[in-house]
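**Q** Got a structure here, written out as structure tokens. Questions coming.
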Amino acid sequence: MLLAIKDFFNSLLLKELFKGMALTGRYLFARKVTVQFPEEKTPISPRFRGLHALRRYPNGEERCIACKLCEAVCPALAITIESDVRADGTRRTTRYDIDLTKCIFCGFCEEACPVDAVVETPILEYHGEKRGDLYFTKDMLLAVGDRYEPQIAAAKAADAKYR
């Protein structure tokens with residue numbers, strides 16, 4: 001009976017409402033933690049896994065040796081590779097496609113590559129208006145690699161002691 005009377009006065013005096021308003025008031029004037037993304041950017045981790053790229057050797061030859069380990073290890077089956085044998089007996093890719101609509105950005109392809117040919121860059125801002133815009137071919141991946149090679153090489157060098 002005493003508990004029922006206590007509950008009645010608490011509800012009559014709107015105690016819970018004032019407790020909630022006090023909590024709201026406490027955070028109303030606190031420092032804001034929201035980042036307004038397009039204008040403000042947060043620091044990106046050096047190991048961030050973003051857009052894929054294919055790298056070249058300093059002499060301009062592409063690194064990929066068509067071992068197809070990245071295709072085999074990809075859990076999302078997002079990588080498609082076709083290869084051909086050259087006159088000197090080495091294999092090179094004729095087709096290297098990554099479907100970013102399937103990719104889960106796990107980084108297994110980068111870890112499996114024995115020659116560091118496929119890497120994930122720190123690029124996080126890319127979009128497509130059509131589904132096909134997120135289907136990257138070998139030439140597109142090589143262009144991304146050529147454009148961001150200094151950043152990729154610096155990130156690989158900084159991370160080398162942990163690999």
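Any Cβ shown, glycine's included, is placed from N, Cα and C.
Here's the feature list from Swiss-Prot:
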- CYS64, CYS67, CYS70, CYS113: [4Fe-4S] cluster 1 binding site (BINDING)
- CYS74, CYS103, CYS106, CYS109: [4Fe-4S] cluster 2 binding site (BINDING)
- 54-84: domain '4Fe-4S ferredoxin-type 1' (DOMAIN)
- 94-123: domain '4Fe-4S ferredoxin-type 2' (DOMAIN)
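Quick one: how deep are these features, and who are their neighbours?
**A** The C-beta environment of CYS113 ([4Fe-4S] cluster 1 binding site), restricted to residues of the same chain at least 6 apart in sequence and closer than 8 Å, consists of LEU69, CYS70, VAL119.
Classification of CYS103 ([4Fe-4S] cluster 2 binding site) by DSSP places it in coil, neither helical nor stranded. Long-range Cβ contacts of CYS103 ([4Fe-4S] cluster 2 binding site) within its own chain (separation 6+, distance under 8 Å): HIS52, CYS74, ALA76, ALA78.
Below 8 angstroms of C-beta separation, residues 90-100, 102-104, 106, 108-119, 138, 141-142, 144-146, 149, 152 of the same chain, each at least six residues beyond the ends of the domain '4Fe-4S ferredoxin-type 1' (54-84), sit close to that stretch.
For the domain '4Fe-4S ferredoxin-type 2' (94-123), the number of residues in each DSSP class (helix H, G, I; strand E, B; coil) is 5 helix, 9 strand, 16 coil.
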**Q** In whole Å, how far does the CA atom of CYS67 ([4Fe-4S] cluster 1 binding site) lie from that of CYS109 ([4Fe-4S] cluster 2 binding site)?
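**A** Per the Cα atoms, CYS67 ([4Fe-4S] cluster 1 binding site) and CYS109 ([4Fe-4S] cluster 2 binding site) stand 12 Å apart.
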**Q** Hey, how far is CYS109 ([4Fe-4S] cluster 2 binding site) from CYS64 ([4Fe-4S] cluster 1 binding site), Cα to Cα, in Å?
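**A** If we compare the Cα positions of CYS109 ([4Fe-4S] cluster 2 binding site) and CYS64 ([4Fe-4S] cluster 1 binding site), the gap is 12 Å.
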**Q** If you measure CYS106 ([4Fe-4S] cluster 2 binding site) to CYS64 ([4Fe-4S] cluster 1 binding site) at Cα, how many Å is it?
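**A** CYS106 ([4Fe-4S] cluster 2 binding site) and CYS64 ([4Fe-4S] cluster 1 binding site) have their Cα atoms 20 Å apart.
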**Q** In the same chain, which residues outside the set CYS74, CYS103, CYS106, CYS109 have their CB within 8 A of the centroid of the CB atoms that define the [4Fe-4S] cluster 2 site?
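**A** Here the non-site neighbours turn out to be CYS70, VAL73, PRO75, ALA76, ALA78, ILE79, ILE98, ILE104, PHE105, GLY107, PHE108.
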